[in-house]
Amino acid sequence: MRIWRFPCFSVLFGFLLSSVPELTGSAKLSIAVESGTTIRITSAGRNTQCKVCIGQNTQEVCQLSAVLRSDTLLDFSCSQPENVFTVQIIRDNVINNIEPKDHNALQKFNRTFIWNLKPPTTKSLRLNFSSTGLRQIQPTDSCPDKHVYMLAVENVSVGRFCQNGTIRQVDVHNGGKLSLEVSGARALDKKFIGVSLGRLINSLANFHVVLPERSSTQDFFTPNAFPANAEIMWYFTVPHTYYTDVRILSYTVPTCLRPENIPTMKYTWQGREPLVKLMNVSQPSVEPGNFNLSIKNCRLSGPQPPSQGLTVHFQISAIKRSKGQCEGDLPEKQVLQIRVKKKDPKSTCVLKLDSVIMDTITIASGKHFVLNSFDCNKDEVELTVNQTIECKEWKDCAFTSFPLTFNYEQQCIPGVLKTLIWLLHGPQNSAVELQSPAGDLRYCPPEDKCNSIILLNVAHVNSSITLGQFCPKGTIQKIQIRESKIAISATVTSFNDRNLATKPFLTYSFTQDISEHYIFTVAPKMDNPTMLATPAWPSGMKASSTVSWIVNLEPQFKSSVKFRNVSQPKCKEVHTNIAVQTIRSQTTLYSTKTDVKIKDLLVPESFYLNMTNCKSPTGAFRAMMEVTLQNSPSKHLGIILSIVGVVLVIVTAVGIWFFLRKKKRNKTPPVSVYNPSEHAFLPGLHGIPKAQEEEDPHTYAYIDETLVYSHLLKVDDKKEEYKEATADESDPPLRAPALPVRNSENLITKSNALLDSELCGYVQGRSTTSGSAKTSEEGNYETRLCV
């Protein structure tokens with residue numbers, strides 16, 4: 001015997017057996033109905049065997065639905081009718097407060113509580129949800145607590161809501177319906193809803209929203225079937241120090257009878273004119289204070305499907321922000337333009353100029369501005385300042401140096417000063433001369449780093465050709481440009497101190513037209529080589545342009561000129577020219593008009609380095625040079641020899657002087673001679689001493705007799721003469737003859753007759769005379785006497 005198996009039949013039979021308890025058996029419920037309340041019990045599906053039966057007298061009526069207006073006993077033909085039927089609990093003509101009430105017998109069913117709102121024709125109803133708070137959701141969304149509120153006005157659903165939201169009140173025009181869906185087996189959350197009468201409104205509904213005192217984002221939706229020419233309004237209450245942003249996430253616009261009446265977003269703040277925005281533009285952002293928003297549909301051109309009607313899904317975000325405000329006027333005479341820019345567009349920093357949010361704001365001279373910044377750190381915003389300096393008449397600016405500074409008066413503008421740009425406009429056919437008051441400039445190629453907080457860029461205004469970049473602390477003393485309109489920009493890498501802007505970066509002056517297009521005056525230093533490059537490096541020079549470097553050297557130096565990188569174009573007629581000529585001797589050391597390889601040069605003195613581009617070059621004419629100082633040996637040698645010669649002369653003179661002095665002392669030994677006469681004088685070159693006054697004679701403290709008489713004892717006759725001379729005290733004193741006196745010469749005229757018979761010697765002793773106006777200081781002295 002075969003055994004047949006039917007697995008599919010077994011599964012189907014099991015399913016039918018599991019459904020039998022729901023469709024078989026019975027359930028009886030006793031329902032108490034309040035006055036003014038209607039309960040509708042409706043089957044969820046038509047094809048069902050479960051029915052609700054109501055006993056009328058002795059006859060029972062069984063149907064798929066039932067309407068209860070009084071207390072009723074229900075008998076269901078199935079044991080679990082909550083899986084088949086839904087319940088609606090309806091109250092009509094509601095104008096008073098709503099207190100939801102549940103029926104215990106129906107708690108297992110999916111229930112919908114409906115309150116039909118019917119205010120007087122001259123009034124509107126205000127539904128107060130302060131105890132609940134509503135949050136609008138999409139039509140297909142549900143709520144976590146299984147409680148969903150629905151509001152319809154004039155048979156138009158204006159939204160679905162969950163509890164615990166920011167909507168505190170809804171004003172309803174004419175009549176409406178408020179519904180609350182509660183899932184089966186879920187107890188009703190009996191929250192009070194206040195109902196009151198208010199003034200008549202023109203819109204379908206007004207939603208009053210109170211934003212919380214924390215950062216939040218709320219979603220709002222217009223009705224799916226927005227009636228033609230109807231309006232919905234929202235009233236937003238914003239906490240203090242909080243700012244709101246409005247963003248449209250999605251929208252559809254119908255075809256209007258008049259295209260100019262396309263639906264818009266209309267914003268109103270207290271004390272301000274209404275702001276109207278189209279759906280496809282950015283909406284207000286970072287706005288403080290309470291505001292109203294209205295969306296009104298247009299008159300339609302004809303019947304349209306719901307998918308092509310007016311629908312708007314928008315968000316309201318509220319964020320607590322720190323605000324900074326700067327209001328003022330830029331001086332018109334300075335011709336200023338300040339650009340305020342966010343470094344990172346994704347930053348939370350917000351910049352607003354006159355209520356318009358922008359990532360880059362431009363403030364011009366002569367205009368009043370109100371600049372607001374929100375949550376902006378100083379380093380998040382950069383400032384670029386443009387200043388135009390114009391001199392039309394020569395009498396106002398000829399040959400006068402002016403400093404390039406920027407007086408930053410608007411200190412309230414947020415941000416870090418990054419770039420300063422000066423536009424110099426001189427008289428017609430003038431040249432601009434630039435110098436650095438803080439020291440010379442250094443050429444900085446684009447590929448090098450400046451190693452300074454300031455980088456200067458010089459360019460032409462008309463052609464936008466960049467002359468070059470320059471840094472402080474270099475060797476370029478002066479830059480001359482044959483152009484009346486020049487742009488100078490100072491880019492600051494670290495500009496935290498705004499006072500630095502008040503210090504002059506450069507001085508400028510307008511001069512008469514110069515011979516070359518560009519002239520650089522350079523003074524190389526021994527520390528580092530000086531880099532020079534043609535204008536617009538690494539691009540080529542402009543056709544037919546000329547440049548000259550005036551390189552000044554100290555007399556003791558010479559320079560080495562190395563051509564690091566030279567690019568010569570092809571010229572049709574006249575070729576490019578590179579020439580090196582000394583300044584003092586006017587000697588041409590190098591000149592070439594061909595594209596041959598240029599050799600390095602050694603220049604003995606200050607020189608010119610000139611370059612000229614051809615008229616129609618094919619290719620770029622550019623060059624980079626390096627100038628290095630070297631000591632000049634010939635000049636140093638002359639200086640050294642001169643110093644050595646002077647030293648030798650001094651040494652020789654000192655040696656001769658010592659030799660003569662020593663010889664003189666060895667030739668005449670010191671001798672002491674006693675002179676009893678009144679006066680003592682020294683023959684020879686010492687002059688005639690003045691006679692001493694009578695009351696102030698010399699008195700000797702002691703006389704060395706050995707020194708006085710030793711040389712006279714050798715000859716007897718001389719000894720006798722000496723004794724006679726000393727014994728005779730009555731002889732008159734010896735006096736010198738009257739002789740002519742000459743300045744700086746000997747006061748005694750020498751006589752050969754006297755020299756043959758005189759006795760000479762030195763008198764040594766110690767004077768005790770004091771207080772005389774005609775004698776020298778008290779002390780030892782030595783006198784040579786001839787008698």
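Using the three backbone atoms N, Cα and C, a Cβ is placed for every residue, glycine included.
What TrEMBL says about a protein is an automatic prediction, not a curated fact.
Marked as signal peptide by TrEMBL: 1-26.
Sequence annotations record features per position, and here TrEMBL assigns domain 'CDCP1 first CUB' to 28-92.
For 100-196 (among others), the entry in TrEMBL reads domain 'CDCP1 second and fifth CUB'.
For 209-300 (among others), the entry in TrEMBL reads domain 'CDCP1 third and sixth CUB'.
Marked as domain 'CDCP1 second and fifth CUB' by TrEMBL: 405-492 (among others). Model confidence over the domain 'CDCP1 second and fifth CUB' (405-492) stands at 86, taken as the mean pLDDT rounded to a whole number.
Per TrEMBL, the feature domain 'CDCP1 third and sixth CUB' maps to 515-627 (among others).
Under the heading transmembrane segment, TrEMBL lists 637-660.
The feature region 'Disordered' is assigned by TrEMBL to 766-787.
Counted with DSSP, the domain 'CDCP1 second and fifth CUB' (100-196) comes out as 3 helix, 50 strand, 44 coil. Across the domain 'CDCP1 third and sixth CUB' (209-300), the DSSP tally of helix, strand and coil residues reads 3 helix, 44 strand, 45 coil. Residue counts for the domain 'CDCP1 first CUB' (28-92) under DSSP (helix as H, G, I; strand as E, B; rest coil) come to 3 helix, 38 strand, 24 coil. Secondary structure counts, DSSP: the domain 'CDCP1 second and fifth CUB' (405-492) has 0 helix, 46 strand, 42 coil.
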